[in-house]
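Okay, so here's the structure we're looking at.
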Amino acid sequence: MSDISCKKRDDYLEWPEYFMAVAFLSAQRSKDPSSQVGACIVNTENKIVGIGYNGMPNGCSDDLLPWRRTAENKLDTKYPYVCHAELNAIMNKNSADVKGCSMYVALFPCNECAKLIIQAGIKEVIFMSDKYHDSEETTAARLLFKLAGVTFRKFTPKYSKIVIDFDSINSRPSQKPQ
């Protein structure tokens, strides 16, 4: 038997990188021109039970609602209408409940999403960026998480990029031992 067939590869994605990558890939579905955020809910058996990204509510045309960040009238911005990735991941769950699960998310959740996360029974939030750390919304979210016993931590990736190469499936493995 050759060495190739006896040794697993070393550069595979470990679970945390995989789940955060799924959150980031999901974010690519967002039509928001300024913020693409994804979330991935995982149970204790490392099974994905929910995925979501930021977007307009089901049945509401994203061609008719505004995507701008600022306007004189708040109703002319995206903020009263858009559903955050965390909400969509919880609503899109493929399991009876998400109690005890972990959520991987690109951005630290706002206070409204923190309330949903707590009510859903999610026990851990792993986030990539906390760029709004000093905002009232994320300050309130951190307080809510602490009071409810939801742990949160910043994700430190092993790789700065994960490339999806659709052509790689067509290449043949090398027959030379390494």
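Indices start at 1 and increase along the chain as displayed.
Glycine is no exception: its Cβ is also placed from the backbone N, Cα and C atoms.
Under the heading active site, proton donor, Swiss-Prot lists Glu86. In the three-state DSSP scheme, Glu86 (active site, proton donor) falls into the helix class.
Reduced to three states, the DSSP call for Cys110 (Zn(2+) binding site) is coil. Taken from Swiss-Prot, the feature Zn(2+) binding site applies to His84, Cys110, Cys113.
Annotation comment: Swiss-Prot describes 14-145 as domain 'CMP/dCMP-type deaminase', evidence class sequence analysis. Broken down by DSSP into helix, strand and coil, the domain 'CMP/dCMP-type deaminase' (14-145) contains 43 helix, 25 strand, 64 coil.
Per Swiss-Prot, phosphoserine is recorded for Ser174.
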Within a 10 Å radius of its Cβ, which of these binding-site residues (Cys110, Cys113) has the fewest neighbouring Cβ atoms?
Cys110
Which are the residues of the chain, His84, Cys110, Cys113 excluded, whose CB is within 8 A of where the CB atoms of the Zn(2+) site average out, their centroid?
Ala85, Glu86, Leu87, Pro109, Asn111, Glu112, Ala114, Leu116, Glu137, Ala141
Once near-sequence residues are set aside, which residues in the chain of Glu86 (active site, proton donor), 6 or more away, have Cβ atoms under 8 Å from its Cβ?
Ala39, Gly52, Met103, Val105, Pro109, Cys113, Leu116, Ile117
